[in-house]
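Per Swiss-Prot, ATP binding site is recorded for Gly169, Asp170, Arg171, Gln172, Thr173, Gly174, Lys175, Thr176, and the stated evidence type is sequence analysis. The annotation site 'Required for activity' is assigned in Swiss-Prot to Ser372.
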Amino acid sequence: MDIRPSEISKILKEQIKNFDQKAEVSEIGWVLSVGDGIARVYGLDNVQAGEMVAFPNGVRGMALNLEVDNVGVVIFGSDRDIREGDCVKRLGAIVDVPVGPALLGRVVDALGNPIDGKGPLKETERRRVDVKAPGIIPRQSVHEPMSTGLKAIDALIPIGRGQRELVIGDRQTGKTAILLDTFLNQKPFHEKGAGREQDKVYCIYVAIGQKRSTVAQFVKVLEERGALEYSIIVAATASDPAPLQFIAPLAGCAMGEYFRDNGQHALIGYDDLSKQAVAYRQMSLLLRRPPGREAYPGDVFYLHSRLLERAAKLNAENGSGSLTALPVIETQANDVSAYIPTNVISITDGQIFLETNLFYQGIRPAVNVGLSVSRVGSAAQIKAMKQVAGSIKGELAQYREMAAFAQFGSDLDASTQRLLNRGARLTELLKQPQFSPLKTEEQVVVIFAGVNGYLDSLAVSDVARFEQGLLVLLRSDYQDLLQAIAEQKQITDELKDKLITVLNTYAKNFS
């Protein structure tokens, strides 16, 4: 066999020329100890706070405590397969989630992975979950109504686009039902050819620490009523680890910010933030952070304020988009003065206070009109609603005051008796069954009838029947009247005369 040295050197030179060295450099550390969803890791010297790390079994974690000799990592998953001495790799990215229209109609976990069995998500972009809220300059004051379809709220405690309105009450008082009805009320604007893009509101529901059956029921109702197509469900259920329950609201908020920053409107319900605070407390105590009041860490206020400040109404230069937040807080025995409730009340622009007593008396939604408030007020109402709802607040306040005194004496003068009668009927008028939100113009006509004395001669038990009959009549014969109120957004003298004529005829024939 003849080997030519010149050929060998030529081949070697070619191979050296084509040699491509690929070196993948990644910083790694080792698990010192693991337990209760927390891993102590040695060796990740350059890791950032909030950075994702990967464990050998594919489970992700987030670096939270950066200490001198180790890093405290919270684990987004089960810690059963993680052992002491396991290798942990930095991923170089802060926690992010998929966002965009591809998520509409889907149920995802706290990290944005689909859990509804409908296959992978289509094209999406990714956003960090924990970003800074918009500053003062890009914002605009809240001035557009966010209609919930509930008379008691739209008339007395109006919510505007970009507002943060707290829904607070004991367990089983209908907090989630208010969120659900508000979602369902956005449906008419999403029907084909119905609304303009600026009328559409995309809905995000974040379930934190709830039973899976409850979340499944919520999704089922949305699906049956055609509201899932414009909604995103983010679920971190009771069986999920605390870090996922902690991050779920931040992930849902990032998904809502996509719509806000693209000039669209989104509504997000956090159900509920008490459980997020509990999850955060658990993580903080296990990370050995010093406890404060009720054993919550010192920055639990900051946790909620930085989340809720991300809800905003942006000005025209920034696209005029909005993100409205409806955080839910569960109280214990109506104690609104506990730590977390007072924190969230001070952060939000008002609260809807639901009471067990009212709920069991059959007043549903069980809104305590005296304690509930919207700090945006009538700026978030159309003029027509202001015209009719202005007097109902005063009348109900007087009614509550008088009702307390009326228990002690029976000999009441005629004006007091009239006030009590009117108040009882207005309270009855504000009741509303679940899953039956009303359009704003329908609410205006119904409340107009209430404040102008059309209910005064009826028995309290007939008020609901009177209202139903009136709505049927308006929808069938007076669609033009409703249309005129919706378009003009105010009750002109001409419309008022028409309304009075319709109501006089209806009241005369009602029996």
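Placed from the backbone N, Cα and C atoms, the Cβ positions cover glycine too.
The shown structure was predicted, so the numbers you read here are calculated from the model rather than taken from an experiment.
Sequence features, as recorded in Swiss-Prot, placed on the structure.
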residue : record                       : Cβ contacts under 8 Å, 6 or more apart
Gly169  : ATP binding site             : Lys175, Glu330, Thr331, Asn334, Phe353, Leu354, Glu355, Thr356, Ala366
Asp170  : ATP binding site             : Glu330, Thr331, Gln332, Ala333, Asn334, Leu354, Glu355, Thr356
Arg171  : ATP binding site             : Glu330
Gln172  : ATP binding site             : Thr356, Phe359
Thr173  : ATP binding site             : Leu354, Glu355, Thr356, Phe359, Ala366
Gly174  : ATP binding site             : Leu354, Phe359, Arg364, Pro365, Ala366, Gln434
Thr176  : ATP binding site             : Thr214, Phe218, Asp271, Val328
Ser372  : site 'Required for activity' : Leu156, Ile157, Gly350, Gln351, Ile352, Phe353
Cβ within 8 Å of the ATP site's Cβ centroid: which residues qualify beyond Gly169, Asp170, Arg171, Gln172, Thr173, Gly174, Lys175, Thr176?
Glu330, Leu354, Thr356, Phe359, Ala366
Under DSSP, is Arg171 (ATP binding site) helix, strand or coil?
coil
Including all protein chains shown, what's the count of other C-beta atoms within 10 A of the C-beta of Lys175 (ATP binding site)?
24
